[in-house]
Amino acid sequence: MTTTEASVDPATLEALRAVSTATVTTQLMARGLRNTFLHGLTALNPTCTRMAGEAFTLRCIPSREDVDTLSVYQDYDHPQRRAIETVPPGAVLVVDARGQTRAASLGHILATRLRQRGAAGVVTDGSVRDSAGFAELALPAFAAGASATTNLAQHHACDLQVPIGCAEVAVYPGDIMVGDQDGVVCVPRHLADEVAAAAVEQEGLEEFVLAKIEAGAPLRGTYPPDEQTLAEYRAGRA
């Protein structure tokens with residue numbers, strides 16, 4: 001799966017941004033995909049969580065003292081810096097930090113550059129530094145923790161746009177990363193259109209079901225809806 005594929009329909013991204021990750025995971029489960037939610041990640045700015053964009057991946061391996069010194073950042077072609085400067089507008093930077101949280105994957109300045117370049121968000125299964133800055137940044141950002149330690153202490157950024165594992169979920173370049181206050185789910189690119197359409201339909205039905213539950217209806221026949229409830233729902237939409 002590569003980024004040479006046709007662009008994802010903007011309407012698909014808009015739909016995925018509007019629905020919940022809970023709904024998306026249900027639709028993926030219905031298609032046989034169980035391991036799509038990136039467990040253990042938290043939204044760093046609770047007021048800025050809605051996200052949908054193509055994955056742009058960065059893979060890290062453990063650092064080594066003779067290689068990963070502070071001087072490497074004098075090279076603007078360093079993979080981490082190159083990732084920040086090449087993430088396409090509307091894409092989500094997804095960092096494979098191997099779940100290692102003892103050093104940051106990136107900090108507030110790099111995340112701010114992502115926002116200025118039009119990225120849709122950033123996701124890492126490692127830590128970030130300058131977490132107070134992330135809490136005010138108008139960029140959806142999800143991480144497994146915070147660490148003041150520079151990334152070079154634990155991470156050697158090495159590959160861009162390769163398949164990675166993030167929070168024990170396989171992420172391929174171009175997959176669609178969807179985020180909200182619950183976290184992040186990875187939608188395989190080839191399923192994005194049908195999952196988006198089904199998710200919108202599911203949430204429409206669930207709004208109807210919720211209204212009935214709030215009005216005192218019992219679970220039986222309502223949730224999940226039986227044929228009578230479904231007929232009532234369809235009639236209301238006609």
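From the backbone N, Cα and C atoms, a Cβ is placed for every residue, glycine too.
Because TrEMBL annotations are produced automatically, they should be read as predictions rather than curated entries.
According to TrEMBL, the residue from Arg98, Arg117, Arg129 that belongs to the substrate site alongside Gly107, His108, Ile109, Leu110 is Arg129. Between the binding-site residues Ile109, Leu110, the minimum number of other C-beta atoms within 10 Å of a residue's C-beta occurs at Ile109. Sequence-distant neighbours of Gly107 (substrate binding site) (same chain, 6+ apart, CB under 8 A from its CB) are Val128, Arg129, Asp130, Gly133. In sequence order, Ala104, Leu106, Ala111, Thr112, Val128, Asp130, Gly133 are the residues of the same chain, not among Gly107, His108, Ile109, Leu110, Arg129, whose CB sits within 8 A of the CB centroid for the substrate site. Spanning the residues Gly107, His108, Ile109, Leu110, Arg129 that the record associates with binding substrate, the maximal Cα-Cα distance equals 10 Å.
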